[in-house]
Amino acid sequence: MSLVHTIHFSPATSSRRRFPAHSIASLRRRVFPVRASLPFPTQKAKYHRELEAAVGIVERACRICVDVNCFPHLLSFFNFTLLFGSWENFDTGNGDGIGQVQSSLLSSDGGIVEKKDNTPVTIADFGVQALISLELGKLFPSIPLVAEEDSGFVRANNLVDSVVSVVNDKRSSSEPLSDDVVLEAIDRGGSAAYLYGKSPATYWILDPIDGTKGFLKGCGALYVVGLALVVEGEIVLGVMGCPNWQNSGDSLGSVMIAHTGHGTWNKTLQVSNDWSRCLVDGCSVVPEARFCIPESQSWDSLPLSRSFTAKNDADSLGDNEIHLLTTCCGSLCKYLMVASGRASMYIQAQRDTAIKAWDHAVGMLCVHEAGGRVTDWEGGELDLAADQVERRIIYPPGGILVTNGKIHDQILEMISFSSSTV
């Protein structure tokens with residue numbers, strides 16, 4: 001069974017559209033067939049229908065990210081200084097101020113707005129959430145959605161026209177949607193949309209763009225559109241779309257999927273049926289492992305720093321030195337690295353803020369089905385259902401350890417020893 005979508009980039013009818021006519025013409029000529037056939041027999045894959053649909057929807061959502069990145073006027077709702085104060089304050093990790101920010105942003109009058117938690121957000125975040133909400137609601141109307149954004153921010157910052165235009169360009173239907181319909185679709189994933197209670201629940205979890213800072217940098221920085229389905233409290237399927245993922249060879253962009261009991265797989269974005277099986281790496285010795293950590297945390301802040309020094313150059317490692325990969329941005333791209341075998345582990349220290357379900361759910365399943373393991377720092381399972389009202393927070397709220405499974409217990413012992421000697 002396959003699910004085929006043809007994506008037509010048609011202009012919205014709103015007279016308030018904010019991008020020039022030549023862009024509309026070029027978009028109108030571009031048609032992308034998306035075939036979401038699965039790489040394993042579907043007879044025993046209970047949720048194959050939902051997974052096939054999710055692959056096609058996430059691929060279409062990735063087109064929003066790519067096209068918004070290509071057209072700077074779609075990002076121009078506020079001065080860039082609202083987020084960073086000045087261009088010089090935007091540090092990409094290369095020490096060059098402006099660094100690898102999309103060059104197209106330099107000629108715009110702005111680009112990003114900032115949420116209350118000090119994280120950047122673009123119209124692509126809201127557009128992706130609206131599009132995925134609309135498509136899932138049409139195909140699976142009885143399944144609620146837990147997602148990161150809500151429309152209050154869009155309304156308050158005069159972003160409605162831009163978001164609606166982006167969504168209308170990428171929908172499977174050519175009939176344009178009204179502002180209210182798009183805003184309601186965003187709010188379908190908001191905190192007030194659905195109350196779950198104590199019983200095991202079934203719902204989608206969406207991170208429209210995990211790693212928005214990577215999305216803004218362009219030039220190869222990673223970001224992920226992540227979607228997972230939870231059925232009766234268990235994560236049963238997941239899809240991660242990563243437009244900047246470097247595949248073997250020259251192709252760019254990847255889709256990773258997982259279905260409980262059927263493994264983890266990936267293929268080139270927007271390419272049909274070139275699936276390959278994903279397995280974690282075979283490293284069984286901690287000093288030989290390849291490590292990932294959050295951009296917001298330093299190696300010295302982690303308990304393993306008491307045993308090892310971290311270096312980015314794998315060719316110059318000495319005794320008690322480990323290879324730290326520079327992978328930006330967001331948490332889901334680190335899960336993708338571990339599940340694909342490009343990294344051995346991802347470790348995240350305890351944070352002051354709550355651990356959000358959308359930052360981890362799809363990655364947890366992909367790593368597990370690839371042969372890896374995900375726990376807290378004490379070896380306990382992460383609990384998606386402990387937030388009984390909204391299902392937005394993961395418990396316990398401590399550190400998270402993601403590994404290939406082979407070095408997991410060794411790392412847990414090192415963490416425990418380090419904590420006991422503090």
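Even glycines carry a Cβ here, placed using N, Cα and C.
The Mg(2+) binding site annotation in TrEMBL covers GLU148, ASP207, ILE209, ASP210, ASP359.
All features noted in TrEMBL, drawn onto the structure.
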residue: GLU148; record: Mg(2+) binding site; contacts (Cβ under 8 Å, 6+ apart): ASP125, GLN129, GLY189, LEU206, ASP207, PRO208, LYS356, TRP358
residue: ILE209; record: Mg(2+) binding site; contacts (Cβ under 8 Å, 6+ apart): CYS65, THR122, ALA124, ASP125, VAL128, PHE215, TYR223, VAL224, VAL225
residue: ASP210; record: Mg(2+) binding site; contacts (Cβ under 8 Å, 6+ apart): TYR223, VAL224, VAL225, GLY226, GLY330, SER331, LEU332, CYS333, TRP358, ASP359
Which residue, of the binding-site residues ASP207, ASP359, has its CB surrounded by the fewest other CB atoms within 10 A? ASP359
Inside 8 A of the center formed by the CB atoms of GLU148, ASP207, ILE209, ASP210, ASP359, which other residues of the chain have their CB, for the recorded Mg(2+) site? LEU206, PRO208, GLY211, THR212, VAL224, GLY226, GLY330, LEU332, LYS356, TRP358
